[in-house]
């Protein structure tokens, strides 16, 4: 199965006080840390609105489709699925830009259970998921019904457990979360 990847970077970053994708963690922007996903997929794009040049990573930056701007991660996944289909991929793995500790076997394990989303310690992580390109009509139907909850989209998907400590899907929403992540990196430094 040909698999593409998308980094969901469309959030406003209100609690962080700035755009999370560009927040440095030990001197490296969060989005660059999440880009470690790249070797696991055939191609990677970024889902974000606004100036695509701000990322400076040389990757395609996919805005939400007209009429779907600001509708949350499902809009980014929808744009990513169009892009994935256009490059000949059969599936798309999505990840959030504020999850810098993703497992090195994320794509492999999600693909083995496809369609699937990650789960850690009983908590579902619907933005860390593998979506088949054939999911597009379901997303369109949910949008038509004014449904934006990504959990609804993943109905029927397998929850793949990643129960390692520390949590590989810990997301960074606040400056306090960022400080904890800095501590985590310091503790794991050689």
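Every residue, even glycine, has its Cβ placed from backbone N, Cα and C.
As recorded in Swiss-Prot:
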| type | residues | note |
| --- | --- | --- |
| BINDING | 8, 9, 10, 20, 64, 98 | GTP binding site |
| BINDING | 98 | Mg(2+) binding site |
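Positions of the features from Swiss-Prot, shown on the structure.
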residue: 8; record: GTP binding site; Cβ within 10 Å: 26
residue: 9; record: GTP binding site; Cβ within 10 Å: 27
residue: 10; record: GTP binding site; Cβ within 10 Å: 25
residue: 20; record: GTP binding site; Cβ within 10 Å: 24
residue: 64; record: GTP binding site; Cβ within 10 Å: 19
residue: 98; record: GTP binding site; Cβ within 10 Å: 26
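Annotation note: residue 20 (GTP binding site) sits in a helical segment as assigned by DSSP. Here GTP is bound by 8, 9, 10, 20, 64, 98 per the record. The longest Cα to Cα distance in that group is 19 Å. Classification of residue 8 (GTP binding site) by DSSP places it within a strand.
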